[in-house]
Amino acid sequence: DTADAYLGIYKHLLVWYSESPPYCVPLSCGKPPPIHHGYSKGETFDMGSKVEFFCDEGYELIGDVSWTCQKSGKWSKKQSPKCVPTKCPEPPLAENQLVLKELTYQVGVVHFSCKEGYVLHGSSVLKCLPSQQWNDSFPFCKVVQCSAPPYIPFGDPLTSSLHFGSTVKYICVDGFLLKGESTIRCQADGSWSLPLPECIPVECPQPEEIQNGIVDVQGLTFLSTALYTCKPGFELLGNTTILCGEDGQWLGGRPACKPIQCPRPKKIPNGKYSVTNFHYGQTVRYSCDRGFQLQGEETLKCLETGEWSTEVPSCKPINCQPPQPIENGFVEGADYSYGAMVIYSCVPGFQLSGLAMQTCEESGWSSSTPTCIPADCGLPPHIDFGEYVQLTTFLFGTIILYSCYSGYELLGNPVLSCQEDGAWNGSAPACVSIECTLLSPPENGFLHFTENTLGSAVQYTCKPGFTLVGSDTRLCLPSRQWSDAAPYCKAIMCNSPTQLMNGNITGENFTYGNVIYYECDPGYQLNGPTERRCQENQKWSGSEPICIPVSCSPPPVLENGQVTGEEYTFQRHTEYSCNEGFLLDGDRRRVCLANGSWSGIAPVCKAVTCPVLVPLLNGRIIGSDFGFKKEVHYHCNEGYSLQGVSTLTCQSDGTWDSEAPHCEPVICGPPEDISHGFLNGSGFTYGEIAQYVCFAGYELHGNPLRQCLSNGSWSGRLPSCLPCLCPSPQIQNGVVLGTDFSCGRSAQFQCLEGFKLLGPSEVTCEAAGKWSSGFPHCGQISCGSPPIIPNTFINGSSSTDENTIIYTCLTGFVMQGSPELTCVETGVWKKPYPSCELLSLNPVAQAVELLFLKHHVKQNKSALNV
């Protein structure tokens, strides 16, 4: 009431003092400060207005999200919010040898690389998601592995490791020198540093010549040999073979050749020898004193070995065996030494057959032992043209009676008796006959006769070179004719000589006095006369010669081997063989030639050495001695398995006892399949990686990567694909569109009427069952403080729509248009705004109206914050 009274007074007192009346404008806080990597939402900054802050993708807000403009014209917060990069878990850099580099042009994205000597496995670029999770698993760095060290001929690498930075030192086998750097290094690109060293063979100088000898140089490099031999008549003092050693010096020393000389021959009792000197090829001849005989070889020859060809003989006294007693006789003499004599004799009625006196000579008794046989006078004397009574024996006491044939008469004693001394007691009588005619000698022959009486005989002979054809004797018969036909002389001819085996005969005339000549084929020598003459007896002179093979000297002894073959004659051969662990260098067989020498050159036995082995790919060979019975061992690198035997042994024939093995990659075989997923990868050998990937809607539990290990198994355990579900999203004052919240699916958000979506309208269910970003929220739509319309005041809200306010005009003003102003969904007051037009009032009335307005505004102060 008091106010009304005052107003009433003021209405009468107030007068206009200005042409334009004052009015009240809303205070403004000004545009809020910008934030780096973010932005603000809100277009009006008057008292009561609000702004909200948001960050760019990849950033999160630190500080207050909403500011309000206060009555003081200042914002409700002093400290500006900040947009800082979304934080994801720290990558394991140190343990995985990773190097991190953030991309300046793209927030939340990092680039991974490896330190020198490492190789990246996995994605090189990762992105930090709003969910503070990385979009992929962290990569890792694996140390670079170099392949097996390169092979250098005659060298071996000493390998301890093949990873980056490791070194390999090379050493050469005996007899080779290392040229260049001995060590190489595994580099970051997986290759070995260059250049490689090389092993060059040690070389010896030219070996020295020796007097009266020959040196045969087989080579000057390590393990090469030089062979020393002496000229005929000299022997080698020292080693026949020298070897080029691993230090470049010849091993075995320098030999010398000295004349071969046999030792002085031994003297023998009761004997002597004759010799000029004791050099190679000379002979010594032994002989025994009289009364002694030689036991052994008579002649010794000095051989090229410096020894005599056989043992020294001996002289043994000559003693004959005691003489054997004889039946019906006896022997006189008891000395049986050399030169002694014994005498044999028989009892009466027996006579000695053989020599009665025998002497002990060098070869024994001078003749065979005689025998005593009954005294036999033998056939009685023959009488021509007569006869006696025929008996079988004519022993002591036998008597015979002679008689003549018809026509002959007996002259002399017709009776003879056999005496004890084995002789007839007289001469035989004769039968005298009539004479026959005289005969003429044959052509080229002679006739011999003394008489031509009955029973007398003539004898025919031929001149030299002729032989008698027919009977050589003719008798004068009782018919006064000569017996038989007259013979004749025919030229003598020897039989064709026997063909000479391994030789030939020259000469075609085989008659008496002619000569044939014998000659042997090459490789044979004649044993016997070189010529023979046809003799009167139709036989060839001398004995028939033969061709015997030429003899070669015994072959030299083979060091570390054997020589077989006992005959050293023409076309016979010797076989050479070596002891186990040695191989023959030269001809295995040598033949005795026609000139008495052996074919070819004497072979030698060299120690067995097996061939150098081919380097083992993806592995190594342990052992550098390739001699007889030596072993080498094969080993494969990690991830490779040995196919074949692991140990080779050098055999006696210079070959390895088995084929060299090889290294094949370890094969793990296809890894197990997983349900609801598949395997990405087709290589299943050592070191290769297989990756498991799940189908859409499933997420992998476990390590998705498995590696083929050196033992043929896969690393780790089999992962599994389980359904991937995100928790059901919720939003206050809003709704979620969609019911499938599995991985890869999206959910949309809508706010209820009167609310505004703050944040992303759509989120996606990602791996590990997490949403791609935080959920939005529905903030109540605010149009801010209602506009201040001159000459009006807000008179509450509509009874039907709480978002609509009602304006009322001050006294003296009239409403133009609708008095209602509605806050629409877009957060702005819907135009057109209402307005109040001034009525025509006096100044006092306007002043009172103004006081009334101030009082009314004070009472409705709360309505200004709709």
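Using the three backbone atoms N, Cα and C, a Cβ is placed for every residue, glycine included.
Automatic, uncurated: that is what TrEMBL annotation is.
For the recorded site, Cys114 (disulfide bond), the DSSP three-state label reads strand. Per TrEMBL, disulfide bond is recorded for Cys114-Cys141 (among others).
For Cys172 (disulfide bond), the number of other Cβ atoms no farther than 10 Å from its own Cβ, over all displayed protein chains, is 23. According to its DSSP assignment, Cys172 (disulfide bond) is in a strand. Marked as disulfide bond by TrEMBL: Cys172-Cys199 (among others).
The Cβ of Cys257 (disulfide bond) has 20 other Cβ atoms within 10 Å, all protein chains considered. The annotation disulfide bond is assigned in TrEMBL to Cys230-Cys257 (among others).
Around Cys315 (disulfide bond), taking its Cβ as the centre, 20 other Cβ atoms fall within 10 Å, counting all chains. The disulfide bond annotation in TrEMBL covers Cys288-Cys315 (among others).
In the three-state DSSP scheme, Cys431 (disulfide bond) is classed as strand. Counting every protein chain shown, 23 other Cβ atoms lie within 10 Å of the Cβ of Cys431 (disulfide bond). TrEMBL lists Cys404-Cys431 (among others) with the feature disulfide bond.
Note on Cys462 (disulfide bond): other Cβ atoms within 10 Å of its Cβ, all shown chains, come to 23. In the three-state DSSP scheme, Cys462 (disulfide bond) falls into the strand class. As annotated by TrEMBL, disulfide bond applies to Cys462-Cys489 (among others).
Residues or ranges marked as disulfide bond in TrEMBL: Cys520-Cys547 (among others). In this structure, Cys520 (disulfide bond) is part of a beta strand by DSSP.
Residues annotated as disulfide bond in TrEMBL: Cys578-Cys605 (among others). For the recorded site, Cys578 (disulfide bond), the DSSP three-state label reads strand. Cβ environment of Cys578 (disulfide bond): Leu558, Asn560, Gly561, Leu584, Cys605 lie under 8 Å away, each six or more residues apart in the same chain.
Look at TrEMBL and you will find Cys636-Cys663 (among others) tagged as disulfide bond. DSSP assigns Cys636 (disulfide bond) to a strand in the three-state reduction. Neighbour density for Cys636 (disulfide bond): within 10 A of its CB lie 23 other CB atoms from the protein chains shown.
Within the same chain, residues at least 6 positions away in sequence whose Cβ sits under 8 Å from that of Cys721 (disulfide bond) are Ile674, Ser675, His676, Gly677, Tyr692, Cys694, Phe695, Tyr698, Glu699, Leu700, His701. In the three-state DSSP scheme, Cys721 (disulfide bond) falls into the strand class. Here TrEMBL flags Cys694-Cys721 (among others) as disulfide bond.
For Cys751 (disulfide bond), the Cβ neighbour count at a 10 Å cut-off comes to 22, with all displayed protein chains included. Annotation comment: TrEMBL describes Cys751-Cys778 (among others) as disulfide bond.
For Cys809 (disulfide bond), other Cβ atoms within 10 Å of its Cβ number 22. Sequence annotations record features per position, and here TrEMBL assigns disulfide bond to Cys809-Cys836 (among others).
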* CB contacts for Cys489 (disulfide bond) [other CB atoms within 10 A, all chains] -> 21
* To do: Please report how many Å separate the Cα atom of Cys636 (disulfide bond) from that of Cys172 (disulfide bond), as a whole number.
  => 21
* Asked: If we check Cα distances from Cys663 (disulfide bond), which of the disulfide-bonded residues Cys172, Cys404, Cys431, Cys547 wins as closest?
  -> Cys172
* Asked: How many Å lie between the Cα of Cys114 (disulfide bond) and the Cα of Cys751 (disulfide bond)?
  -> 48
* **Shortest C-alpha distance to Cys315 (disulfide bond) - which of the disulfide-bonded residues Cys404, Cys462, Cys489, Cys836** => Cys462
* How long is the line from the C-alpha of Cys404 (disulfide bond) to the C-alpha of Cys462 (disulfide bond), rounded to the nearest angstrom? -> 33
* C-alpha of Cys257 (disulfide bond) to C-alpha of Cys288 (disulfide bond): distance in Å? -> 37
* If one measures from the C-alpha of Cys199 (disulfide bond) to the C-alpha of Cys547 (disulfide bond), what distance in angstrom results, rounded to a whole number? -> 63
* **Shortest C-alpha distance to Cys431 (disulfide bond) - which of the disulfide-bonded residues Cys172, Cys489, Cys547** => Cys489
